[in-house]
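According to TrEMBL, the protein has these features:
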- 35-279: domain 'Aspartate/glutamate/uridylate kinase' (DOMAIN)
- Lys39: site 'Transition state stabilizer' (SITE)
- Gly74, Gly75, Arg96, Asn201: substrate binding site (BINDING)
- Lys261: site 'Transition state stabilizer' (SITE)
Amino acid sequence: MTTTPKSFSETKHWLRTAETITEALPFMRRYTGRTCVIKYGGHAMGDAELSRIFARDVVLLKQIGINPIVVHGGGPQIGAMLERLAVKSEFVDGLRVTDQATVEIVEMVLSGSINKSIVQAINEAGGTAIGLSGKDGNLIKASKLRRTKHDPESNIEKILDLGFVGEPQEVNPHILMELEQDDMIPVIAPIGAGVNGETYNINADTVAGAVAAAMGAVRLLLLTDVIGVLDKNKELISDLTVEDVKRLQSDGTISGGMIPKLETCTMAVENGVDAAVILDGRLPHAMLLEIFTDRGIGTLIRRE
């Protein structure tokens with residue numbers, strides 16, 4: 001059915017739409033058949049409208065031949081549940097100390113309510129999503145995260161006991177490949193299993209990076225609550241190599257919570273991921289703007 005434009009402004013709108021599609025075509029061809037791993041969290045996950053937009057965009061990626069894998073966080077929701085259950089929560093260097101009681105609640109929130117709500121949103125948007133944690137199909141084998149902190153009084157490194165906080169040791173890509181072949185969209189909760197059956201709470205960025213490396217992903221996208229990596233003048237840096245990241249860390253340009261995100265990105269690109277991007281998940285359609293335009297909207301990290 002052909003509809004005649006009712007006004008000049010409507011014609012201009014249609015022309016812009018056509019131009020957008022034309023611009024996106026080369027990128028569609030580049031990414032078709034490849035895997036894109038998306039770390040989903042922050043404001044983008046807490047806002048109802050942004051959540052609906054995210055789900056539709058994930059389905060669109062799948063429909064045009066790209067294989068999205070979603071890895072989600074859930075820090076605020078975990079904190080709210082712990083408070084509701086009157087369980088005290090302690091943080092060390094930004095990491096939640098996770099005892100046995102806490103890890104059970106963390107798993108319940110991540111693998112239960114959050115994971116299933118994302119799966120439902122994607123399914124309602126027309127996709128076929130399936131929820132997983134690292135325990136399913138031996139997807140993520142994990143070990144206890146070892147961290148130390150310098151004690152200036154004794155001038156020694158003290159070992160920090162974070163409880164059941166883990167890090168990925170091995171990712172089994174075969175289950176994800178099979179799901180992709182069946183046109184399903186995996187949604188992964190960042191929970192891993194230890195060799196003795198322990199349950200580990202793992203940072204979602206770290207899981208996303210490990211999954212992207214195991215899958216040889218074309219892109220790792222970290223949706224955050226910032227526009228990307230900023231220079232000392234607070235201007236966005238649109239492109240970084242691994243060597244650039246090391247230099248910016250050494251001169252103090254990069255600090256705080258951005259350091260572990262960039263460590264995840266550099267690990268990923270050094271282990272087979274084409275490129276990683278830190279971008280603002282508060283922006284509607286952030287993923288599409290990054291993937292399907294030559295301008296991009298965040299900070300892209302590449303090997304060289």
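In case you wondered, yes, glycine gets a Cβ from its N, Cα and C as well.
Source: prediction; values computed, not measured.
Feature map: annotations from TrEMBL on the structure.
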| residue | record | DSSP (3 states) |
| --- | --- | --- |
| Lys39 | site 'Transition state stabilizer' | strand |
| Gly74 | substrate binding site | coil |
| Arg96 | substrate binding site | strand |
| Asn201 | substrate binding site | strand |
| Lys261 | site 'Transition state stabilizer' | helix |
Note to self: Restricting to the record's substrate-binding residues (Gly74, Gly75, Arg96, Asn201), give me the longest CA-CA distance in Å as a whole number.
What the structure shows: 12
Notebook entry, point to check: Cβ-Cβ under 8 Å from Lys261 (site 'Transition state stabilizer'), same chain, 6 or more residues apart: which ones?
Noted result: Asp205, Leu222, Thr224, Ile278
Margin query: Give me the sequence-ordered set of same-chain residues, not including Gly74, Gly75, Arg96, Asn201, with a C-beta within 8 angstroms of the centroid of the substrate site's C-beta atoms.
Written below: Gly73, Ile78, Gly79, Thr98, Val106, Leu110
Notebook entry, point to check: Near the Cβ of Lys39 (site 'Transition state stabilizer'), how many other Cβ atoms are there if near means within 10 Å?
Noted result: 31
Margin query: Restricting to the chain of Arg96 (substrate binding site) and a gap of 6 or more, list residues whose Cβ falls under 8 Å of its Cβ, or answer none.
Written below: Gly75, Ile78, Ser89, Glu90, Thr102, Val106, Leu162, Val165, Asn201
Margin query: If you average per-residue pLDDT over the domain 'Aspartate/glutamate/uridylate kinase' (35-279), what number do you get?
Written below: 92
Next item on the list: Just name the most isolated of the binding-site residues Gly74, Gly75, going by other Cβ atoms within 10 Å of its Cβ.
Entry: Gly75
